[in-house]
């Protein structure tokens, strides 16, 4: 192996970086800070922050604490969570990503404009993802969530359709869903689609395709529960079949590097830079 390169564009997106910085800032002056859910979908980064004093809680536990500081992560929260926090005199440190927050407001505004009209909000995203749960909450739980074009039978085509996307989905999949719905729409039903996929995500997909073909072997670093990690890894794999998904250096197998001259290391928007650097150092014995 001659070269090891870490993708300069991989690592935390703006929203995740901001949430982590806010947590670290609070932990400098406070011994105790709660976070509602994992602050990022990467277990190594969560453990690092837990060692500094961050305490991860779930929604049930939020209902049982009072007068505490709680960080709401970049994925956002539904209105019901804010109600519980306010009732319990929780000091909220709101680290909702600005892109997600703007999307929440847009969905809520359109939903509230429905009044008695026959209309529906449809969300393209992972049904169990925290961001999607928060978005559905903007519609009092009435939004329809579809994970692929195969799910569009859940849509009521007798009602107007307003389609949005989770910010970390694959734009080509969103476009396919738009086409499928357009083919089924019958006048006078209204169909409006809003491509709400984050531009950072789109740019990373384009960049990672180029990065992948520059190396003999790719190590893609991501947590098992990273939604954008799955998408970005699949794009890497399409561009370079010699791509391996790892969560840390323990997943690496020495036989991967036989005859390999160039290794690229990249990751999800939830993958810390320090972890990719640690993995790069672990490859030195294979030189």
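A Cβ is built for glycine as well, from the same backbone N, Cα and C atoms used for every other residue.
Per Swiss-Prot, the features are:
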type: ACT_SITE; residues: 131; note: active site, proton donor
type: BINDING; residues: 13, 97, 198; note: [4Fe-4S] cluster binding site
type: BINDING; residues: 41, 75, 129, 167, 226, 227, 228, 270; note: (2E)-4-hydroxy-3-methylbut-2-enyl diphosphate binding site
type: BINDING; residues: 41, 75, 129, 226, 227, 228, 270; note: isopentenyl diphosphate binding site
type: BINDING; residues: 41, 75, 129, 226, 227, 228, 270; note: dimethylallyl diphosphate binding site
Compute the centroid of the Cβ atoms of 41, 75, 129, 167, 226, 227, 228, 270, then list the same-chain residues not in that set whose Cβ lies within 8 Å of it, in sequence order, for the (2E)-4-hydroxy-3-methylbut-2-enyl diphosphate site. 130, 131, 168, 225, 229, 268, 269
Of the binding-site residues 13, 75, 97, 198, 226, which one has its Cα closest to the Cα of the residue listed as 'active site, proton donor'? 75
Quick one: of the binding-site residues 13, 97, 198, which has its CA closest to the CA of residue 167 ((2E)-4-hydroxy-3-methylbut-2-enyl diphosphate binding site)? 198
Across every protein chain in view, the count of C-beta atoms other than its own within 10 A of the C-beta of residue 270 ((2E)-4-hydroxy-3-methylbut-2-enyl diphosphate binding site) is 25
Separation of alpha carbons, residue 13 ([4Fe-4S] cluster binding site) and residue 129 ((2E)-4-hydroxy-3-methylbut-2-enyl diphosphate binding site) (Å): 17
Given the binding-site residues 41, 129, which one is most crowded in terms of C-beta atoms within 10 angstroms? 41
In whole Å, could you give the widest CA to CA gap in the isopentenyl diphosphate site formed by 41, 75, 129, 226, 227, 228, 270? 14
Just checking: which of 13, 97, 198 have a Cα that is within 10 Å of the Cα of residue 75 ((2E)-4-hydroxy-3-methylbut-2-enyl diphosphate binding site), counting only these binding-site residues? 97
Under 8 Å between C-beta atoms and at least six apart in sequence, can you list the same-chain neighbours of residue 227 ((2E)-4-hydroxy-3-methylbut-2-enyl diphosphate binding site), or say none if there are none? 41, 126, 129, 166, 168, 169
Listed in sequence order, the residues of the same chain lying six or more positions from residue 226 ((2E)-4-hydroxy-3-methylbut-2-enyl diphosphate binding site) whose CB sits under 8 Å from its CB are 41, 42, 268, 270, 271
Need this for a regression test: binding-site residues 13, 97, 198, filtered to those with Cα within 10 Å of residue 228 ((2E)-4-hydroxy-3-methylbut-2-enyl diphosphate binding site). What's left? none
Within 8 Å of the Cβ centroid of the [4Fe-4S] cluster site residues 13, 97, 198, which other residues of the same chain have their Cβ? 14, 15, 16, 74, 99, 100, 167, 168, 200, 201, 269
For the binding-site residues listed (167, 198), most other Cβ atoms within 10 Å of the Cβ sits at 167
